[in-house]
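**Q** Pasting a structure below so you can have a look.
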Amino acid sequence: NWSGSLIVASLTGAFGSSFLYGYNLSVVNAPAAYIKKFYNETWERRYGFSVDESTLTLLWSITVSVFAIGGLVGAIIVTPIVKFFGRKCTLLLNNVFAVTAALLMSLSFLAGSFEMLILGRIIMGVDAGISLSALPMYLSEISPKEIRGSLGQVTAIFICIGVFTGQVLGLPEIFGQESRWPYLFGAIIVPSLIQIVILPFLPESPRYLLLEKHNRSKAEKAFQTFLGKDDVSHEVEEVLAESRVQRNTKLVSVLQLLRTHAVRWQVITVVVTMGCYQLCGLNAIWYYTNNIFSEAGINHETIPYVTLSTGAVETMAAVFSGLVIERLGRRPLLIGGFGLMVVFFAVLTVSLTLQKTVHWLPYLSIFCILAIIASFCIGPGGIPFVLTGEFFQQSQRPAAFMIAGTVNWLSNFAVGLLFPFIQGGLQTYCFLVFAAICFAGATYLFFVLPETKNKTFNEISQAFAKRNKVSLEMQEMNHYPGERKSSAEQESNFTSSVDNGETKKGIV
(Lines of atoms letter the chains of each structure in order from A and count residues from 1; the text may use other names and numbers.)
(Lines give C-alpha, C1' and ligand atoms only; values in the text may rest on other atoms or scores of the structure.)
Protein backbone atom coordinates (compact mmCIF):
# COMPACT_ATOMS: atom_id res chain seq x y z
CA ASN A 1 0.00 0.00 0.00
CA TRP A 2 3.01 2.30 0.36
CA SER A 3 3.64 3.53 -3.19
CA GLY A 4 6.68 5.64 -4.03
CA SER A 5 4.53 8.72 -4.71
CA LEU A 6 2.75 8.33 -1.38
CA ILE A 7 6.06 8.17 0.47
CA VAL A 8 7.53 11.15 -1.41
CA ALA A 9 4.38 13.22 -0.88
CA SER A 10 4.30 12.56 2.85
CA LEU A 11 8.01 13.15 3.40
CA THR A 12 8.18 16.28 1.24
CA GLY A 13 4.99 17.72 2.67
CA ALA A 14 6.11 17.11 6.25
CA PHE A 15 9.69 18.34 5.71
CA GLY A 16 8.50 21.75 4.54
CA SER A 17 5.67 21.94 7.07
CA SER A 18 5.56 20.11 10.41
CA PHE A 19 9.38 19.88 10.45
CA LEU A 20 9.57 23.68 10.53
CA TYR A 21 7.01 23.81 13.34
CA GLY A 22 9.15 21.52 15.51
CA TYR A 23 12.33 23.33 14.52
CA ASN A 24 10.94 26.68 15.58
CA LEU A 25 9.84 25.27 18.93
CA SER A 26 13.41 24.42 19.91
CA VAL A 27 15.55 26.81 17.88
CA VAL A 28 15.17 29.71 20.35
CA ASN A 29 16.44 27.60 23.23
CA ALA A 30 20.20 27.43 22.64
CA PRO A 31 20.84 31.06 21.58
CA ALA A 32 18.60 32.56 24.30
CA ALA A 33 21.46 34.25 26.17
CA TYR A 34 22.93 35.71 22.97
CA ILE A 35 19.57 37.00 21.75
CA LYS A 36 18.91 38.67 25.12
CA LYS A 37 22.33 40.29 24.89
CA PHE A 38 21.46 41.50 21.37
CA TYR A 39 18.23 42.98 22.73
CA ASN A 40 20.12 44.78 25.49
CA GLU A 41 22.81 46.17 23.17
CA THR A 42 20.19 47.36 20.66
CA TRP A 43 18.21 49.06 23.43
CA GLU A 44 21.34 50.74 24.82
CA ARG A 45 22.40 51.94 21.37
CA ARG A 46 19.00 53.49 20.75
CA TYR A 47 18.18 55.00 24.13
CA GLY A 48 21.55 55.40 25.81
CA PHE A 49 20.85 53.08 28.76
CA SER A 50 20.54 49.36 29.38
CA VAL A 51 17.16 47.71 29.43
CA ASP A 52 15.95 46.71 32.89
CA GLU A 53 15.61 43.04 33.73
CA SER A 54 11.81 42.97 33.81
CA THR A 55 11.55 44.58 30.35
CA LEU A 56 14.14 42.18 28.95
CA THR A 57 12.21 39.22 30.37
CA LEU A 58 9.01 40.57 28.84
CA LEU A 59 10.67 41.02 25.43
CA TRP A 60 12.00 37.48 25.55
CA SER A 61 8.65 36.02 26.62
CA ILE A 62 7.00 37.86 23.73
CA THR A 63 9.62 36.51 21.31
CA VAL A 64 8.94 32.93 22.44
CA SER A 65 5.15 33.07 22.76
CA VAL A 66 4.33 35.32 19.78
CA PHE A 67 4.99 32.30 17.57
CA ALA A 68 1.66 30.95 18.82
CA ILE A 69 -0.17 34.17 17.93
CA GLY A 70 0.98 33.79 14.35
CA GLY A 71 -0.08 30.15 14.48
CA LEU A 72 -3.57 31.18 15.56
CA VAL A 73 -3.81 33.56 12.59
CA GLY A 74 -2.69 30.77 10.26
CA ALA A 75 -5.25 28.36 11.69
CA ILE A 76 -8.03 30.91 11.17
CA ILE A 77 -7.19 31.73 7.55
CA VAL A 78 -6.44 28.16 6.43
CA THR A 79 -10.09 27.23 5.67
CA PRO A 80 -10.66 29.63 2.74
CA ILE A 81 -7.14 28.97 1.45
CA VAL A 82 -7.50 25.18 1.23
CA LYS A 83 -10.97 25.62 -0.26
CA PHE A 84 -9.77 27.89 -3.08
CA PHE A 85 -6.25 26.58 -3.77
CA GLY A 86 -6.51 22.97 -2.60
CA ARG A 87 -4.40 21.07 -0.09
CA LYS A 88 -1.17 20.69 -2.08
CA CYS A 89 -1.13 24.24 -3.45
CA THR A 90 -1.74 25.59 0.06
CA LEU A 91 1.38 23.80 1.28
CA LEU A 92 3.33 25.27 -1.63
CA LEU A 93 2.10 28.83 -1.18
CA ASN A 94 2.75 28.61 2.54
CA ASN A 95 6.48 28.64 1.84
CA VAL A 96 6.19 32.38 1.11
CA PHE A 97 5.65 32.90 4.84
CA ALA A 98 8.55 30.64 5.78
CA VAL A 99 11.06 32.29 3.44
CA THR A 100 9.96 35.80 4.49
CA ALA A 101 10.27 34.90 8.17
CA ALA A 102 13.69 33.32 7.67
CA LEU A 103 15.02 36.45 5.98
CA LEU A 104 13.64 38.76 8.67
CA MET A 105 15.00 36.71 11.58
CA SER A 106 18.40 35.94 10.09
CA LEU A 107 19.04 39.57 9.08
CA SER A 108 17.79 41.13 12.34
CA PHE A 109 21.27 41.06 13.90
CA LEU A 110 22.88 42.83 10.93
CA ALA A 111 20.07 45.38 10.82
CA GLY A 112 20.26 45.96 14.57
CA SER A 113 16.52 45.48 14.92
CA PHE A 114 15.05 43.04 17.43
CA GLU A 115 11.63 43.97 16.03
CA MET A 116 12.56 42.07 12.85
CA LEU A 117 13.17 38.94 14.92
CA ILE A 118 9.81 39.26 16.69
CA LEU A 119 7.99 39.96 13.39
CA GLY A 120 9.72 36.97 11.82
CA ARG A 121 8.52 34.76 14.67
CA ILE A 122 4.94 35.93 14.07
CA ILE A 123 5.14 35.21 10.33
CA MET A 124 6.76 31.84 11.02
CA GLY A 125 3.83 31.12 13.32
CA VAL A 126 1.41 31.87 10.48
CA ASP A 127 3.28 29.32 8.36
CA ALA A 128 3.03 26.73 11.13
CA GLY A 129 -0.67 27.43 11.72
CA ILE A 130 -1.46 26.82 8.06
CA SER A 131 0.77 23.78 7.67
CA LEU A 132 -0.48 21.97 10.80
CA SER A 133 -3.98 22.05 9.32
CA ALA A 134 -3.26 21.66 5.59
CA LEU A 135 -0.70 18.84 5.96
CA PRO A 136 -2.81 16.41 8.05
CA MET A 137 -5.75 17.19 5.77
CA TYR A 138 -3.67 16.34 2.70
CA LEU A 139 -2.21 13.16 4.21
CA SER A 140 -5.58 11.86 5.42
CA GLU A 141 -7.09 12.35 1.96
CA ILE A 142 -4.33 10.74 -0.11
CA SER A 143 -3.82 7.62 2.03
CA PRO A 144 -5.73 4.31 1.98
CA LYS A 145 -7.68 3.67 5.19
CA GLU A 146 -5.42 0.70 6.04
CA ILE A 147 -2.40 2.99 6.56
CA ARG A 148 -4.11 6.30 7.29
CA GLY A 149 -2.90 6.30 10.89
CA SER A 150 0.70 5.48 10.03
CA LEU A 151 0.80 8.10 7.30
CA GLY A 152 -0.82 10.63 9.62
CA GLN A 153 1.93 10.02 12.18
CA VAL A 154 4.43 11.42 9.66
CA THR A 155 3.28 14.84 10.89
CA ALA A 156 4.31 14.02 14.47
CA ILE A 157 7.55 12.31 13.42
CA PHE A 158 8.73 15.36 11.52
CA ILE A 159 7.77 17.68 14.37
CA CYS A 160 10.12 15.62 16.54
CA ILE A 161 12.83 15.58 13.87
CA GLY A 162 12.48 19.36 13.62
CA VAL A 163 12.90 19.76 17.39
CA PHE A 164 15.96 17.49 17.33
CA THR A 165 17.49 19.34 14.36
CA GLY A 166 17.07 22.68 16.14
CA GLN A 167 18.88 21.24 19.15
CA VAL A 168 21.74 19.83 17.04
CA LEU A 169 22.30 23.04 15.08
CA GLY A 170 22.19 24.98 18.35
CA LEU A 171 25.24 23.19 19.74
CA PRO A 172 28.28 25.44 20.39
CA GLU A 173 30.28 23.52 17.77
CA ILE A 174 27.77 24.49 15.03
CA PHE A 175 25.58 27.62 15.27
CA GLY A 176 25.27 27.94 19.05
CA GLN A 177 27.73 30.82 19.21
CA GLU A 178 27.19 34.55 19.57
CA SER A 179 28.35 35.33 16.05
CA ARG A 180 26.45 32.48 14.39
CA TRP A 181 22.97 32.42 15.97
CA PRO A 182 21.35 34.23 12.97
CA TYR A 183 22.24 31.18 10.84
CA LEU A 184 19.87 29.11 12.99
CA PHE A 185 16.98 31.12 11.58
CA GLY A 186 18.35 31.34 8.05
CA ALA A 187 18.40 27.52 7.87
CA ILE A 188 14.59 27.60 7.67
CA ILE A 189 14.89 28.40 3.95
CA VAL A 190 16.34 24.96 3.11
CA PRO A 191 13.24 22.78 3.83
CA SER A 192 11.04 25.36 2.11
CA LEU A 193 13.10 25.30 -1.08
CA ILE A 194 13.12 21.49 -1.13
CA GLN A 195 9.33 21.42 -0.86
CA ILE A 196 8.96 24.05 -3.58
CA VAL A 197 11.08 21.93 -5.94
CA ILE A 198 9.46 18.51 -5.34
CA LEU A 199 5.81 19.04 -4.39
CA PRO A 200 4.63 20.50 -7.75
CA PHE A 201 5.32 17.14 -9.42
CA LEU A 202 2.88 15.33 -7.11
CA PRO A 203 -0.92 15.26 -7.50
CA GLU A 204 -3.50 17.19 -5.53
CA SER A 205 -5.70 15.33 -3.04
CA PRO A 206 -7.95 13.01 -5.11
CA ARG A 207 -10.84 13.49 -2.66
CA TYR A 208 -10.56 17.26 -3.09
CA LEU A 209 -10.49 16.90 -6.88
CA LEU A 210 -13.53 14.61 -6.94
CA LEU A 211 -15.78 16.05 -4.24
CA GLU A 212 -14.96 19.75 -4.38
CA LYS A 213 -13.68 20.31 -7.92
CA HIS A 214 -15.88 17.58 -9.49
CA ASN A 215 -13.03 16.49 -11.74
CA ARG A 216 -13.24 12.71 -11.96
CA SER A 217 -10.46 12.34 -14.52
CA LYS A 218 -7.83 14.12 -12.42
CA ALA A 219 -9.07 12.38 -9.27
CA GLU A 220 -8.61 8.96 -10.88
CA LYS A 221 -5.09 9.88 -12.03
CA ALA A 222 -4.26 11.09 -8.50
CA PHE A 223 -5.53 7.85 -6.98
CA GLN A 224 -3.51 5.84 -9.51
CA THR A 225 -0.36 7.81 -8.68
CA PHE A 226 -0.71 7.55 -4.90
CA LEU A 227 -1.91 3.94 -4.80
CA GLY A 228 0.44 2.68 -7.48
CA LYS A 229 -2.18 0.76 -9.47
CA ASP A 230 -4.34 1.27 -12.56
CA ASP A 231 -7.71 0.04 -11.27
CA VAL A 232 -8.93 2.59 -8.71
CA SER A 233 -12.66 2.08 -9.28
CA HIS A 234 -13.13 0.77 -5.74
CA GLU A 235 -11.52 3.85 -4.20
CA VAL A 236 -13.52 6.21 -6.42
CA GLU A 237 -16.76 4.41 -5.53
CA GLU A 238 -15.89 4.62 -1.82
CA VAL A 239 -15.54 8.40 -2.10
CA LEU A 240 -18.76 8.65 -4.11
CA ALA A 241 -20.54 6.54 -1.48
CA GLU A 242 -19.56 9.12 1.12
CA SER A 243 -20.92 11.84 -1.12
CA ARG A 244 -24.21 10.00 -1.62
CA VAL A 245 -24.67 9.85 2.13
CA GLN A 246 -23.64 13.47 2.49
CA ARG A 247 -25.74 14.56 -0.52
CA ASN A 248 -24.09 17.97 -0.57
CA THR A 249 -20.40 18.81 -0.84
CA LYS A 250 -20.76 22.50 -0.05
CA LEU A 251 -18.16 23.39 2.56
CA VAL A 252 -19.50 23.78 6.07
CA SER A 253 -18.56 26.93 7.98
CA VAL A 254 -17.25 26.79 11.54
CA LEU A 255 -20.55 28.10 12.89
CA GLN A 256 -22.51 25.49 10.90
CA LEU A 257 -20.22 22.74 12.17
CA LEU A 258 -20.66 23.85 15.78
CA ARG A 259 -24.43 23.83 15.29
CA THR A 260 -24.49 20.37 13.66
CA HIS A 261 -25.94 17.94 16.15
CA ALA A 262 -24.65 14.94 14.17
CA VAL A 263 -20.98 15.79 14.88
CA ARG A 264 -21.31 17.33 18.34
CA TRP A 265 -19.20 14.71 20.12
CA GLN A 266 -16.61 14.65 17.35
CA VAL A 267 -16.11 18.41 17.81
CA ILE A 268 -15.94 18.08 21.60
CA THR A 269 -13.41 15.24 21.30
CA VAL A 270 -11.22 17.24 18.91
CA VAL A 271 -11.30 20.24 21.28
CA VAL A 272 -10.34 18.02 24.24
CA THR A 273 -7.53 16.19 22.43
CA MET A 274 -6.07 19.37 20.92
CA GLY A 275 -6.34 21.22 24.22
CA CYS A 276 -4.60 18.40 26.07
CA TYR A 277 -2.02 18.15 23.26
CA GLN A 278 -0.72 21.59 24.25
CA LEU A 279 -1.76 21.89 27.91
CA CYS A 280 -0.23 18.53 28.91
CA GLY A 281 3.08 20.33 29.52
CA LEU A 282 5.28 19.16 26.66
CA ASN A 283 5.71 22.64 25.21
CA ALA A 284 6.81 23.85 28.62
CA ILE A 285 9.62 21.31 28.45
CA TRP A 286 10.47 22.22 24.83
CA TYR A 287 10.52 25.94 25.52
CA TYR A 288 12.32 25.86 28.84
CA THR A 289 14.41 22.69 28.78
CA ASN A 290 17.58 24.51 29.79
CA ASN A 291 15.92 26.01 32.87
CA ILE A 292 14.46 22.65 33.91
CA PHE A 293 17.85 20.94 33.64
CA SER A 294 19.52 23.80 35.54
CA GLU A 295 17.00 23.34 38.34
CA ALA A 296 17.82 19.64 38.26
CA GLY A 297 21.46 20.47 39.02
CA ILE A 298 22.96 19.74 35.61
CA ASN A 299 26.22 21.54 34.81
CA HIS A 300 25.70 24.51 32.46
CA GLU A 301 28.25 23.29 29.90
CA THR A 302 26.59 19.87 29.78
CA ILE A 303 23.01 21.12 29.29
CA PRO A 304 23.08 21.44 25.44
CA TYR A 305 24.12 17.80 25.11
CA VAL A 306 21.60 16.55 27.68
CA THR A 307 18.93 18.56 25.89
CA LEU A 308 19.92 16.75 22.69
CA SER A 309 18.76 13.50 24.25
CA THR A 310 15.19 14.82 24.51
CA GLY A 311 15.00 15.34 20.75
CA ALA A 312 16.43 11.88 20.07
CA VAL A 313 13.99 10.18 22.46
CA GLU A 314 10.92 11.94 21.07
CA THR A 315 11.93 11.11 17.49
CA MET A 316 12.36 7.41 18.29
CA ALA A 317 9.06 7.35 20.20
CA ALA A 318 7.21 9.01 17.32
CA VAL A 319 8.65 6.51 14.82
CA PHE A 320 7.62 3.65 17.12
CA SER A 321 4.09 5.06 17.28
CA GLY A 322 3.94 5.24 13.49
CA LEU A 323 4.97 1.59 13.24
CA VAL A 324 2.41 0.21 15.71
CA ILE A 325 -0.58 2.55 15.33
CA GLU A 326 -2.30 0.35 12.73
CA ARG A 327 -1.86 -2.71 14.96
CA LEU A 328 -2.66 -1.28 18.39
CA GLY A 329 -5.04 1.45 17.26
CA ARG A 330 -5.43 5.12 18.12
CA ARG A 331 -7.36 4.67 21.36
CA PRO A 332 -4.84 2.66 23.47
CA LEU A 333 -1.88 4.76 22.31
CA LEU A 334 -3.62 8.04 23.10
CA ILE A 335 -5.05 7.03 26.48
CA GLY A 336 -1.91 5.12 27.44
CA GLY A 337 0.32 8.07 26.53
CA PHE A 338 -1.61 10.47 28.73
CA GLY A 339 -1.72 7.90 31.54
CA LEU A 340 2.05 7.39 31.52
CA MET A 341 2.57 11.16 31.53
CA VAL A 342 0.52 11.40 34.75
CA VAL A 343 2.80 8.85 36.42
CA PHE A 344 6.07 10.43 35.33
CA PHE A 345 4.92 13.99 36.12
CA ALA A 346 4.18 12.82 39.66
CA VAL A 347 7.61 11.17 40.00
CA LEU A 348 9.29 14.27 38.52
CA THR A 349 7.59 16.45 41.12
CA VAL A 350 8.88 14.27 43.96
CA SER A 351 12.36 14.14 42.41
CA LEU A 352 12.64 17.92 41.97
CA THR A 353 11.32 18.53 45.47
CA LEU A 354 13.83 16.22 47.15
CA GLN A 355 16.78 16.56 44.78
CA LYS A 356 18.92 18.52 47.27
CA THR A 357 18.67 15.76 49.86
CA VAL A 358 19.77 12.83 47.66
CA HIS A 359 22.67 13.21 45.22
CA TRP A 360 21.28 10.89 42.49
CA LEU A 361 17.82 12.42 42.27
CA PRO A 362 18.77 14.94 39.53
CA TYR A 363 19.41 11.96 37.27
CA LEU A 364 15.95 10.61 38.09
CA SER A 365 14.58 14.02 37.05
CA ILE A 366 16.29 13.70 33.68
CA PHE A 367 14.89 10.18 33.25
CA CYS A 368 11.39 11.43 34.07
CA ILE A 369 11.66 14.23 31.50
CA LEU A 370 12.76 11.76 28.84
CA ALA A 371 9.97 9.35 29.84
CA ILE A 372 7.36 12.14 29.67
CA ILE A 373 8.56 13.08 26.19
CA ALA A 374 8.47 9.44 25.03
CA SER A 375 4.98 8.94 26.49
CA PHE A 376 3.75 12.06 24.71
CA CYS A 377 5.19 11.10 21.32
CA ILE A 378 3.85 7.54 21.48
CA GLY A 379 0.26 8.79 21.38
CA PRO A 380 -0.74 12.39 22.20
CA GLY A 381 2.00 13.85 20.00
CA GLY A 382 0.47 12.95 16.65
CA ILE A 383 -2.84 11.15 17.01
CA PRO A 384 -4.93 14.34 17.60
CA PHE A 385 -4.09 15.43 14.04
CA VAL A 386 -5.00 11.97 12.71
CA LEU A 387 -8.33 11.97 14.53
CA THR A 388 -9.26 15.43 13.27
CA GLY A 389 -8.87 14.18 9.72
CA GLU A 390 -10.80 10.97 10.43
CA PHE A 391 -13.78 12.30 12.39
CA PHE A 392 -15.33 14.47 9.70
CA GLN A 393 -16.70 14.23 6.17
CA GLN A 394 -15.10 16.07 3.25
CA SER A 395 -17.26 19.19 3.52
CA GLN A 396 -16.69 19.46 7.27
CA ARG A 397 -12.96 18.84 7.37
CA PRO A 398 -11.60 22.39 6.72
CA ALA A 399 -13.86 23.87 9.42
CA ALA A 400 -12.89 21.06 11.81
CA PHE A 401 -9.19 21.74 11.29
CA MET A 402 -9.82 25.45 11.85
CA ILE A 403 -11.45 24.68 15.21
CA ALA A 404 -8.66 22.26 16.12
CA GLY A 405 -5.99 24.75 15.07
CA THR A 406 -7.57 27.57 17.06
CA VAL A 407 -7.66 25.46 20.23
CA ASN A 408 -4.13 24.22 19.52
CA TRP A 409 -2.57 27.66 19.16
CA LEU A 410 -4.49 29.38 21.95
CA SER A 411 -3.35 26.62 24.30
CA ASN A 412 0.20 26.86 22.93
CA PHE A 413 0.28 30.60 23.61
CA ALA A 414 -1.10 30.15 27.12
CA VAL A 415 1.57 27.60 28.06
CA GLY A 416 4.44 29.60 26.56
CA LEU A 417 3.36 32.80 28.32
CA LEU A 418 2.17 31.44 31.67
CA PHE A 419 4.55 28.56 32.43
CA PRO A 420 7.39 30.80 33.78
CA PHE A 421 4.92 32.34 36.23
CA ILE A 422 3.45 28.94 37.14
CA GLN A 423 6.96 27.63 37.70
CA GLY A 424 7.84 30.66 39.80
CA GLY A 425 4.70 30.40 41.92
CA LEU A 426 4.46 26.63 42.44
CA GLN A 427 8.17 25.83 42.18
CA THR A 428 8.66 22.05 42.04
CA TYR A 429 4.91 21.40 42.21
CA CYS A 430 4.23 23.14 38.87
CA PHE A 431 4.13 19.86 36.93
CA LEU A 432 1.20 18.60 39.02
CA VAL A 433 -0.94 21.05 37.03
CA PHE A 434 -0.01 19.24 33.83
CA ALA A 435 -0.51 15.84 35.48
CA ALA A 436 -4.08 16.83 36.34
CA ILE A 437 -4.74 17.90 32.74
CA CYS A 438 -3.35 14.61 31.39
CA PHE A 439 -5.51 12.63 33.83
CA ALA A 440 -8.63 14.55 32.84
CA GLY A 441 -7.89 14.01 29.14
CA ALA A 442 -7.26 10.28 29.55
CA THR A 443 -10.47 9.87 31.54
CA TYR A 444 -12.57 11.66 28.93
CA LEU A 445 -11.07 9.67 26.05
CA PHE A 446 -11.57 6.38 27.89
CA PHE A 447 -15.32 6.93 28.03
CA VAL A 448 -15.89 8.73 24.70
CA LEU A 449 -13.29 7.87 22.04
CA PRO A 450 -14.12 4.96 19.68
CA GLU A 451 -11.42 3.07 17.80
CA THR A 452 -11.02 4.41 14.25
CA LYS A 453 -8.28 2.24 12.75
CA ASN A 454 -9.01 0.67 9.37
CA LYS A 455 -12.47 2.30 9.19
CA THR A 456 -13.94 4.43 6.44
CA PHE A 457 -15.07 7.97 7.20
CA ASN A 458 -18.70 6.80 7.09
CA GLU A 459 -18.02 3.99 9.57
CA ILE A 460 -16.37 6.44 11.96
CA SER A 461 -19.39 8.75 11.70
CA GLN A 462 -21.64 5.78 12.49
CA ALA A 463 -19.56 5.00 15.59
CA PHE A 464 -20.47 8.43 16.97
CA ALA A 465 -24.09 8.32 15.76
CA LYS A 466 -25.48 6.71 18.92
CA ARG A 467 -23.74 9.18 21.23
CA ASN A 468 -24.92 12.06 19.04
CA LYS A 469 -28.43 10.54 19.13
CA VAL A 470 -28.81 10.78 15.37
CA SER A 471 -28.59 8.21 12.57
CA LEU A 472 -25.98 8.56 9.84
CA GLU A 473 -28.68 9.16 7.24
CA MET A 474 -29.93 12.18 9.20
CA GLN A 475 -26.59 13.98 9.18
CA GLU A 476 -27.23 15.92 5.99
CA MET A 477 -30.47 17.30 7.38
CA ASN A 478 -28.50 18.54 10.36
CA HIS A 479 -25.85 20.12 8.12
CA TYR A 480 -28.16 22.44 6.21
CA PRO A 481 -31.51 22.85 7.96
CA GLY A 482 -34.05 24.49 5.69
CA GLU A 483 -31.89 23.98 2.60
CA ARG A 484 -32.28 20.24 1.96
CA LYS A 485 -33.38 19.35 -1.53
CA SER A 486 -35.20 16.24 -2.54
CA SER A 487 -33.09 13.11 -2.84
CA ALA A 488 -33.79 12.73 -6.55
CA GLU A 489 -32.85 16.33 -7.27
CA GLN A 490 -29.56 16.03 -5.37
CA GLU A 491 -28.68 12.77 -7.11
CA SER A 492 -29.28 14.46 -10.46
CA ASN A 493 -27.24 17.54 -9.55
CA PHE A 494 -24.32 15.48 -8.24
CA THR A 495 -24.29 13.30 -11.33
CA SER A 496 -24.09 16.25 -13.69
CA SER A 497 -21.49 18.09 -11.61
CA VAL A 498 -19.13 15.12 -11.42
CA ASP A 499 -19.81 14.22 -15.02
CA ASN A 500 -18.07 17.10 -16.83
CA GLY A 501 -18.48 15.08 -19.99
CA GLU A 502 -16.59 12.15 -18.49
CA THR A 503 -18.73 10.35 -15.90
CA LYS A 504 -21.67 8.17 -16.80
CA LYS A 505 -24.90 8.62 -14.88
CA GLY A 506 -24.86 4.95 -14.01
CA ILE A 507 -21.99 5.45 -11.57
CA VAL A 508 -24.40 7.27 -9.24
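In case you wondered, yes, glycine gets a Cβ from its N, Cα and C as well.
Please treat TrEMBL annotations as automatic predictions, because they have not gone through curation.
Take a look at what TrEMBL says about it:
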{"type": "DOMAIN", "residues": "10-453", "note": "domain 'Major facilitator superfamily (MFS) profile'"}
{"type": "TRANSMEM", "residues": "58-79", "note": "transmembrane segment"}
{"type": "TRANSMEM", "residues": "91-112", "note": "transmembrane segment"}
{"type": "TRANSMEM", "residues": "118-139", "note": "transmembrane segment"}
{"type": "TRANSMEM", "residues": "151-169", "note": "transmembrane segment"}
{"type": "TRANSMEM", "residues": "181-202", "note": "transmembrane segment"}
{"type": "TRANSMEM", "residues": "267-288", "note": "transmembrane segment"}
{"type": "TRANSMEM", "residues": "303-325", "note": "transmembrane segment"}
{"type": "TRANSMEM", "residues": "332-354", "note": "transmembrane segment"}
{"type": "TRANSMEM", "residues": "360-387", "note": "transmembrane segment"}
{"type": "TRANSMEM", "residues": "399-420", "note": "transmembrane segment"}
{"type": "TRANSMEM", "residues": "426-449", "note": "transmembrane segment"}
{"type": "REGION", "residues": "481-508", "note": "region 'Disordered'"}
{"type": "COMPBIAS", "residues": "489-500", "note": "compositional bias 'Polar residues'"}
**Q** Which of 118-139, 303-325, 332-354, 426-449 has the most Cβ pairs closer than 8 Å to the transmembrane segment (360-387)?
**A** 332-354
**Q** Same-chain Cβ contacts of the transmembrane segment (118-139) under 8 Å, 6 or more residues past its ends?
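**A** Distal contacts: 9-10, 13-14, 16-18, 20-21, 24, 62-63, 66-78, 81-82, 87-88, 90-91, 94-95, 97-98, 100-105, 108, 151-152, 154-155, 185, 188, 205, 385-386, 388-389, 397-398, 401-402, 404-405, 408-409.
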**Q** Test the contact criterion for the transmembrane segment (58-79) and the transmembrane segment (399-420): 3 or more CB pairs under 8 Å, pairs 6 or more apart in sequence, then answer yes or no.
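**A** Answer yes: the transmembrane segment (58-79) meets the transmembrane segment (399-420) with 3 or more Cβ pairs below 8 Å.
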**Q** Restricting to the domain 'Major facilitator superfamily (MFS) profile' (10-453), report the mean pLDDT as a whole number.
**A** 88
**Q** Short question: which residues 6 or more past the ends of the transmembrane segment (303-325) have a Cβ under 8 Å from it?
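**A** For the transmembrane segment (303-325), the nonlocal Cβ contacts are 26, 29-30, 149-150, 153-154, 156-157, 159-161, 163-168, 170-172, 176, 285, 289-290, 293-294, 333, 366, 369-370, 373-379, 381-383, 386, 453.
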